[in-house]
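Take a look at the structure set out below.
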Amino acid sequence: MAHVGDCKWMSWLPVLVVSLMCSAKAEDSNCGENEYHNQTTGLCQQCPPCRPGEEPYMSCGYGTKDDDYGCVPCPAEKFSKGGYQICRRHKDCEGFFRATVLTPGDMENDAECGPCLPGYYMLENRPRNIYGMVCYSCLLAPPNTKECVGATSGVSAHSSSTSGGSTLSPFQHAHKELSGQGHLATALIIAMSTIFIMAIAIVLIIMFYIMKTKPSAPACCSSPPGKSAEAPANTHEEKKEAPDSVVTFPENGEFQKLTATPTKTPKSENDASSENEQLLSRSVDSDEEPAPDKQGSPELCLLSLVHLAREKSVTSNKSAGIQSRRKKILDVYANVCGVVEGLSPTELPFDCLEKTSRMLSSTYNSEKAVVKTWRHLAESFGLKRDEIGGMTDGMQLFDRISTAGYSIPELLTKLVQIERLDAVESLCADILEWAGVVPPASPPPAAS
C-alpha cells in the first residue's frame, strides 16, 4: 500500500511543478515597465533609478532584473536627465546647426544654441522639430532676407571702396571658395556623364558587331529540310528498283525474303505513330497543367505584423507575461504606423536613431548569442555581407535603408521579425514623444 501511495504522489508531482512555474510567470507579468518581481516579498518593486548624469547598465523591468544592473556615468560630450534614460549626445551648435553656443552642455544638461552664425539665416516656415533650428547660408537666401541684408550690403560696400586693393573679407573668401567648389563639382559631373555615355556607346557597338557576325537561325536549320526532301526521293527510287530486284532472284527463298521485308515496314510505322500519339498526349497533358503562381500579393505593414503576432501566439508556448508585453507593443505600433506613415528613418531625430542604434549594438546586452544585432536587421533587409561589412553601426544602416526607400513602419516590422521587441518599444515611445502623441493606455493584465 505504501508503494501505491508513492506512485500516486509521483504522478501528481509534474502537475504541481507546472502550476508553480505558471504562477511565478503570472506574477512577473503583472509588473510594469520599470518594475521587477521581488522573490522575498512576492511583490513588484521599482527598479533603482539613476541620478542625473548617469544611465542604466543592463536591463530591469517587466518582472525581471539582471544581477549586474546598476548605473554608470555618461561619457564625455553626452548628458542624461537621470531616471531610466540613456545618455545622449550634446547638440553640435556650430558644426551641425551653424549657430552660436548659448550654453555649453555638461553631463546633466544639453547644450543650448543661440542665434545663427554671421552669414547664415533661419527659415521662416521651418518644421517644428530639431531640424527646424538649422541655419542656412546667406548665399542661397532669397532676396530681402532680414538676417542677410547687412552681410550682403557690407560686402558690396567693402568691395566698392577697396576695388584696387588685394585684401578680401572673410565672407568674400567664403564666397570665392564656394564658387570654386561649385565649378569643380560641375566639371566632375560633366566628366562622369561623358565617361558614362562613352561606355554605353562602346557596349552598343560591341553588341551590334556580335549580332552582325552571328549566323542566322534559318541558315543553321536549312539542312534538315534538305535531308527530309532527299529521303522521299531515295525511297521512291528504291520502290522503282524493287521489281527489277525481284526478277533477278528466281529462288523461292530469296523471293520470300524480298516479299517479307515490306510487311515489317507498316508495323514499324504503326508503332512509331502510336508512340508519337502517346508523346503528343503527354505533352498536351503537361501543357494543360496550370503553372503555380509564384507572385504573392503585397501585404500592408500593419496586417503583416498582426499576422506575425497571431502566428507567434499559436505556435509558441511562451508565458503570459511575454504575450501581454507583445500585445502592448503591437498596440503602440498600430498608433505609430498612422503617425509616421510614408516617413523614412532619417527623418526622425538624431537622438532617437542613436538610441536605437545603441540598443542594436553587440555591447548593449551580455547575451550576445541570443539577442539579434543591427547586422541581423541588415540581413533581413536583403543586404549582402560585403555591404554589411563596410558598416560600423546602426546609424549607417538607417541611412542605407532610407536611401533604398524603406519607411519607418517597414523598419519596425523587420525589428519584430528578428525578435527585438525591446527596440520596437523604445523606438515607438521616442516617436510618439517626438510627434507629441499620447500613447494608448494598455489594458489591465488578464488574471491567470
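Cβ atoms here come from the backbone N, Cα and C positions, even for glycine.
Remember, it's a predicted structure, so these values are computed and weren't measured experimentally.
The following features are taken from Swiss-Prot:
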- 1-26: signal peptide (SIGNAL)
- 27-187: topological domain 'Extracellular' (TOPO_DOM)
- C31-C44: disulfide bond (DISULFID)
- C47-C60: disulfide bond (DISULFID)
- C50-C71: disulfide bond (DISULFID)
- C74-C87: disulfide bond (DISULFID)
- C93-C113: disulfide bond (DISULFID)
- C135-C148: disulfide bond (DISULFID)
- 209-448: topological domain 'Cytoplasmic' (TOPO_DOM)
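Where Swiss-Prot records a feature, it is marked here on the structure.
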residue	record	DSSP class
C31	disulfide bond	coil
C47	disulfide bond	coil
C60	disulfide bond	strand
C71	disulfide bond	strand
C87	disulfide bond	coil
C93	disulfide bond	helix
C113	disulfide bond	strand
C135	disulfide bond	strand
C148	disulfide bond	helix
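Among the disulfide-bonded residues listed here, namely C44, C60, C93, C148, C60 has its C-alpha nearest to that of C71 (disulfide bond). Within its own chain, C47 (disulfide bond) has N34, E35, Y36, P56, C60, G61, K65, Y69, Y84 as residues 6 or more apart in sequence whose C-beta sits under 8 angstroms from its own. Nearest neighbour of C135 (disulfide bond) by Cα distance, taken over the disulfide-bonded residues C50, C74, C87, C93: C93. Here the CA atom of C31 (disulfide bond) lies 41 Å from the CA atom of C93 (disulfide bond).
Checking each of the disulfide-bonded residues C31, C44, C74 against C50 (disulfide bond) by C-alpha distance, the shortest gap belongs to C74.
Looking only at Cα atoms, C148 (disulfide bond) sits nearest to C113 among the disulfide-bonded residues C31, C44, C74, C87, C113.
Restricting the average to the topological domain 'Extracellular' (27-187) gives a pLDDT of 82. Taking CA atoms as the reference points, C87 (disulfide bond) and C31 (disulfide bond) are 25 Å apart.
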